[in-house]
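Feature annotations, reproduced from TrEMBL:
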| type | residues | note |
| --- | --- | --- |
| DOMAIN | 41-378 | domain 'Major facilitator superfamily (MFS) profile' |
| TRANSMEM | 81-98 | transmembrane segment |
| TRANSMEM | 110-128 | transmembrane segment |
| TRANSMEM | 140-158 | transmembrane segment |
| TRANSMEM | 170-190 | transmembrane segment |
| TRANSMEM | 196-214 | transmembrane segment |
| TRANSMEM | 263-287 | transmembrane segment |
| TRANSMEM | 307-335 | transmembrane segment |
Amino acid sequence: MALNPDVERGKNREKDDVEEPLLQKCRIEGGSSSKTGSLGFVLLSTFVAVCGSYEFGSCVGYSAPAQAAIRDDLHLSLAEYSLFGSILTVGAMIGSIMSGHISDFMGRKGAMRISAAFSITGWLAVYFSKGVLSLDIGRFLTGYGIGVFSYVVPVFIAEIAPKDLRGGLAALNQLMIVIGASSSFIIGTVVTWRTLALIGIIPCLVLLLGLFLIPESPRWLAKAGHQKEFEIALQTLRGKNTDISCEAAEIQGYGILNEWVPILVLAGVLVYGVSFSIGMGAVPWVIMSEIFPINVKGTAGSLVTLVHWLCAWAVSYTFNFLMSWSSSGITAISLDMERDVKRGKDDEMENGCDEEDKVLFSSALSLQCLDLMTSAPP
């Protein structure tokens, strides 16, 4: 007996649904599920996390407005203050080496708590400093704290954010770093250096309190084997009425990759990290938090962050010595170049350019060099 064509089509459709891979089905049917969920916890979690980014900027920007007052009050030499300014990055390098292992062992929230504790201790040491030793110890501790922050904050944001908002929310990390540094420059002109150190504690306190209100990263919970907590955290971030089964399956299946891919990815991201000084601020951190498999993310992320802080240390330590060597800086280089042009030492410029071209060329060189020297103040 022939079956009704509608019944046959229904059976075939049901068979196809059973045979279709779960992740592929999720991409088709569950692509917009996050849009219907509540974003309140995602935004709150991001706000709490970027308090660490603001702290990062505050620490980096502290030494510039406080330089004259600290040197006068504590009678520091130029070399001693240069060490104080640059030892922040030494602490950050050590923090970056350990950041991946800390966040893998204690979770993203645990790593941020440790970062905040080190930063608060460091600021208090700076505030109560009577000599160069306690000043440097405090600066080193804040550096260790922001070294961990520089890894765990963008990773945490990327792991909690829905795909359609991940880029925008991750960019807040870089924005808050700049805001924190700018705030230190501005506030430091109207308050004492000890008061500015106390102000640096405020973002850490906000972060510590906020961590009690937000869930842990679902991806870390899945990696650590906390299945129940993983589902609760993901449901909280996506909204109680949102179907999270597809995203949960995708997260749990994320680590199935070819063993050579992480090595190639690590090499690529390290190149991006070294290229930070030419303007790549937020992009490397977003890439790092997305492309590494969860089982190597801690180690690989630590290596990337270490390269960043190693370069920052070299710039911040030598800055004051370069300014002392030539306070006129690039202006002297520009004048020397103009004298060379007038004396005929550059035949190509003499034969192929008029005076207006020479001035434009000299000005362009001056601006380029000025950008390089001011890209990472102490």
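From the backbone N, Cα and C atoms, a Cβ is placed for every residue, glycine too.
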Against which stretches of its own chain does the transmembrane segment (140-158) lie, if we need a Cβ under 8 Å and a gap of at least six residues from its ends?
-> 45-46, 49-50, 52-53, 55-56, 59-60, 87-100, 102-103, 108-109, 111-112, 114-119, 121-123, 125-126, 166, 169-170, 172-173, 200, 204, 217, 282, 285-286, 288-290, 297, 301-302, 305, 308-309
Beyond the flanks of the transmembrane segment (81-98) by at least 6 residues, Cβ under 8 Å = 59-60, 63, 67, 70-71, 115, 118, 132, 135-136, 139-148, 150-151, 302, 305-306, 308-310, 312-313, 316-317, 319-321, 378
Looking only at residues six or more beyond either end of the transmembrane segment (196-214), which have a C-beta under 8 A from one in the stretch?
-> 41, 44-45, 47-49, 51-52, 54-55, 58-59, 62, 65-66, 109, 112-113, 116-117, 119-120, 123-124, 126-127, 138, 142, 145, 180, 184, 187-188
Spatial neighbours of the transmembrane segment (170-190) not adjacent in sequence (6+ beyond its ends, CB under 8 Å) are 46, 49-51, 53-62, 64-66, 153-154, 157-158, 161, 196, 199-200, 203, 281-282, 285-286, 289
Tell me, what is the mean pLDDT of the domain 'Major facilitator superfamily (MFS) profile' (41-378)?
-> 80
